[in-house]
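This report refers to the structure that appears directly beneath it.
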């Protein structure tokens, strides 16, 4: 078990491209932190720097109480699960799981016991003599997990481990990984581009964009109080509605509809989550609904308000039809952003 | 699967004829001719022939020169194959790690591939030359009186060196592409699992290169046995004397220098059987070869 802390860690490639801008954060002992962001945002580079697979250009990385910038990956006391599993194709499942232990000069009998224990935990006991090519995607994923847990590391690193699985298996493995991490209590860093994975698995989420950390917070904080318009639109499906508005004399208006209060006269971006808008015949929003997406448990209404596109999330019991409706906004559900920088006000 | 068909059944045969004709004229017909003439004693000047049964074969296997040449061929093949594979693997592993100027470095290692075997032989002759060869001068510093074409061991040494040098680029290219076909993440996983670089090589990289390695083993055995003719011919200059030579070269020397067409044919029949055995072995192994994906 260990804490991880990054102090102005930065990655610049030889061609001058700054993949990760100076980043500082601290991961507590036993915490499950998810790095999320679109492709190319630097989240994998960040993880690979923590793993030691990528050099750190600047700053200090501490795992436990050691600065590990120049420590070999094998000596950082970490275990990593890769996107395409990275199993050794010529080794059996048992050898794959035990390989890391063998190199630590652990007696063969102990290795066998640990492998057996991990295999039992992951339902792999029947497959120990098989080669990875004879396993299904989900089983390979479990072997990769097994390889990580037998090492009993102080830090787990996951690099988009579920992205090669189909949707159903992904949901199942998501729960298994989370439960396993809870049980073992090992500090974990998990990289994904899937905001659902981030929301459901994380104790804390780090949202990255273009090499920069946009926000660090619990899933609820990131979802309900996004630090920027980027976070607002990246987290949540469908994303937060972002409307162009203006504050004057303390009132924030979009078109001629008043939505909120603000003390300073200025242009604003107004953010409202689709589920924070409720159809209400006495509401003061007038929405022209043009399209309804039926999702079973709920529906999404897509329409226009004062010339701005707007999405409304309604429960399955609420009768809906296209055309003109009125709606209201839940109290305290409006986020305000600076339109130029996108930063939350 | 849908079969592509020809409307006229003679058309495909027409298309195949040029290829079949070439195979027949340059392979089956001479092969049949060689098998036939191995049972005859040929007049050196082309005036008739006498049927001698298996006498060409018995004479061959009782000939000390033939057995000596066969033994040399075995040793030559083993040494050339081993050296050209292991040196190429070493170079490929090192080249794979080069990041700056990787292309230049790889091109420099590959371009020997474009040198024809006789040209490689000539370059070797210049390097090992008795009066002004730089390699001869160099080994002389260590007290080695190198005498190409005179001393049996020295000549064999030059042959092996030139043959290995000529074969390195081919092996290098295959090993390098084999290395690059190993998924990056598998190597990275090994990096986390094992701190020793040599341990990672023998446990992970080498087994994953095995399919490439086996393919190259066959290619290199074939090369050492047959394709080194050009190199040997340049070094020996058709004057066998006390010089070492491989079985393939002996076929040429006995047949075209010694005018013993019957005996030479018998030797080439033995080589044909050898190639056949090697081919069968290769196909068997390819079938059984482990496919990792």
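From the backbone N, Cα and C atoms, a Cβ is placed for every residue, glycine too.
Curation does not apply to TrEMBL; its annotations are automatic.
Sequence annotations record features per position, and here TrEMBL assigns domain 'ABC transmembrane type-1' to B:70-282.
Sequence-distant contacts of the transmembrane segment (B:12-31) (same chain, six or more residues past either end, CB-CB distance under 8 Å): 6, 272. Positions annotated as transmembrane segment by TrEMBL: B:12-31 (among others).
Under the heading transmembrane segment, TrEMBL lists B:70-93 (among others). Among residues of the same chain six or more beyond the transmembrane segment (B:70-93), those with a C-beta under 8 A of the stretch's C-beta atoms are 109, 156, 159-160, 163-164, 167-172, 175-176, 178-179, 201, 205, 209, 213, 216-217, 220-221, 223-225, 228, 244-248.
Annotation source TrEMBL lists transmembrane segment at B:105-128 (among others). Below 8 angstroms of C-beta separation, residues 91, 95, 98, 134-136, 146, 148, 158, 161-162, 165-166, 168-170, 172-173, 176, 227-235 of the same chain, each at least six residues beyond the ends of the transmembrane segment (B:105-128), sit close to that stretch.
For B:156-179 (among others), the entry in TrEMBL reads transmembrane segment.
Long-range neighbours of the transmembrane segment (B:200-223) within the same chain, counting only residues 6 or more positions beyond its ends whose Cβ lies under 8 Å from a Cβ of the stretch, are 77, 80-81, 84-85, 89, 93, 163, 167, 170-171, 174-175, 177-179, 182, 186-187, 190-191, 194, 275, 278, 282, 285, 289-292. Look at TrEMBL and you will find B:200-223 (among others) tagged as transmembrane segment.
Here the transmembrane segment (B:265-283) has Cβ contacts under 8 Å with residues 31, 34-38, 56-57, 60, 66, 218, 221-222, 225-226, 247-248, 250-251, 254-255 of the same chain, all six or more residues outside its ends. For B:265-283 (among others), the entry in TrEMBL reads transmembrane segment.
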